[in-house]
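What TrEMBL annotates here:
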DOMAIN    13-307  domain 'tRNA synthetases class I catalytic'
BINDING   C24, C202, H228, E232  Zn(2+) binding site
MOTIF     26-36  motif ''HIGH' region'
MOTIF     260-264  motif ''KMSKS' region'
BINDING   K263  ATP binding site
Amino acid sequence: MKLYDTLTKTNVDIDANEINIYVCGPTVYDHIHIGNLRPIVTFDVLRRLLEHSNKKVNFVHNITDIDDKIINQAQRLNLSEEEVTKRYTSAYFEILDALNIKLPKIVKVTDVMNGIIKYIEKIYDKQYAYELDGDIYFDTTRIPDYGVLSKRKLDEQISGIRVKSNENKTSPNDFVLWKKTVNGIKWNSKFGLGRPGWHTECAYIIDQEFKQKGFVIHGGGIDLVFPHHENENAQNLALHNKNLANCWVHVGYLLIDNEKMSKSLNNFIYVKHLIESHNYRTIRWVFYNTAHTQPLNFDGTIIKAAQKDVEKIISTVNRFRTFLIANKNNIPSSSLVCEEFKKALFDNLNFANATKVIWDLIKVLNESIAYKKIDENIWAYQQLIWCLEIYGIVPDMIHNEQIIDQINQWTKLLNNKDYEKADTIRNKLINKKVL
């Protein structure tokens with residue numbers, strides 16, 4: 001398998017038998033929007049693909065449950081920070097479940113604070129950090145390769161920094177490892193009361209979970225390349241003299257009417273609202289028609305098209321299941337590997353080619369029904385189910401005992417040429433969306 005690597009700007013071979021994946025999670029001060037969702041769905045597909053290819057996958061996902069945004073939200077809602085983070089963490093898990101996301105190993109920042117503090121102390125003791133006005137800053141001038149991931153020039157790096165800069169820093173690129181504060185939840189360290197910087201939280205969790213071993217894929221949205229991932233990588237270079245990941249996979253922006261979606265622009269759509277009006281398969285399918293590295297423009301047209309596509313897929317699967325039963329076949333309980341689909345996704349998650357394979361299989365099934373060649377093409381059904389398993393959108397099995405009995409009645413009436421009664425049963429099956 002090959003994946004495009006942001007650092008080398010080449011496709012990297014993913015041939016290890018055990019793969020470590022880390023994807024940056026949400027800061028739980030609010031509900032997630034659909035821009036946050038795209039990386040989650042993309043890496044869920046990657047995980048499913050690798051596991052269906054007999055790879056062992058260690059997938060870790062963090063929850064940032066300390067942040068100024070959380071403090072501000074707690075004040076607005078008149079709640080404690082813990083109440084805010086519990087509310088939105090719970091809401092996030094509900095969304096993952098509703099969208100059929102296989103749950104990664106979740107690590108909350110507050111659960112590993114002692115380790116984060118020791119991690120910062122190691123960086124400081126190795127003289128890659130310095131104290132300034134009570135805060136501890138990472139000294140980026142000590143890292144010759146700083147900027148290797150984002151390929152940014154100095155002036156571009158400065159403009160990309162999202163926190164207020166201290167003019168007395170050694171370099172404008174230096175970032176906070178430990179922030180001295182009297183506000184909000186804080187911890188004691190040898191540097192005094194405070195809390196860690198965002199970039200250190202993720203760097204530590206990756207270091208702790210994977211321990212500098214195995215093949216590491218680090219994923220997230222393209223907006224995280226700088227400064228977040230660049231600064232994570234700098235800390236790993238300081239402590240271990242190696243890059244944090246073997247492959248950096250970044251997912252493109254989500255656009256609303258060709259404008260980048262973000263909470264700051266107030267043009268976002270909460271995932272929880274989208275789930276209320278659309279089936280999870282439709283929401284996932286939206287992401288399968290554009291290369292994961294490219295921007296995706298989200299509008300009413302794309303969601304309607306996705307809904308139509310998913311309805312066609314579900315209809316074909318259910319109709320084929322009905323004709324399997326009518327032909328006295330059991331509905332296969334196992335799927336078959338679809339090599340063409342696998343080949344497409346092994347080529348840097350080529351969703352366009354993979355999705356084409358699904359439509360080719362749909363065509364085979366529809367022709368099987370039309371030309372009464374059900375038995376000869378059970379393989380196509382099993383391969384289609386395998387593809388849909390990878391995409392996380394397998395249609396529910398709705399053929400219960402009542403429906404199976406009606407199918408058998410319908411078949412018997414047709415064989416007896418009792419077409420009037422057969423049509424009555426047929427209409428019932430159509431209403432139940434299995435014919």
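From the backbone N, Cα and C atoms, a Cβ is placed for every residue, glycine too.
Not measured: the values here are computed from a predicted model.
Structure coloured by features recorded in TrEMBL.
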{"residue": "C24", "record": "Zn(2+) binding site", "Cβ within 10 Å": "23"}
{"residue": "C202", "record": "Zn(2+) binding site", "Cβ within 10 Å": "27"}
{"residue": "H228", "record": "Zn(2+) binding site", "Cβ within 10 Å": "21"}
{"residue": "E232", "record": "Zn(2+) binding site", "Cβ within 10 Å": "28"}
{"residue": "K263", "record": "ATP binding site", "Cβ within 10 Å": "12"}
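Sequence-distant contacts of the motif ''HIGH' region' (26-36) (same chain, at least 6 residues past either end, Cβ-Cβ under 8 Å): 63-65, 67, 69-70, 72-73, 84-85, 88-89, 91-92, 95, 221, 253-254, 261-263, 268-272, 274, 283, 298. The two recorded residues, E232 (Zn(2+) binding site) and K263 (ATP binding site), have Cα atoms 24 Å apart. According to its DSSP assignment, H228 (Zn(2+) binding site) is helical. One way to see the shell of the Zn(2+) site is to take the Cβ centroid of C24, C202, H228, E232; the remaining same-chain residues with a Cβ within 8 Å of it are W198, H199, E201, A203, H218, G220, L224, H229, N231.
The separation of C24 (Zn(2+) binding site) from K263 (ATP binding site), Cα to Cα, is 18 Å. According to DSSP, C202 (Zn(2+) binding site) is assigned to a helical segment. Each residue in the motif ''KMSKS' region' (260-264) gets a DSSP state, and the totals come to 0 helix, 1 strand, 4 coil.
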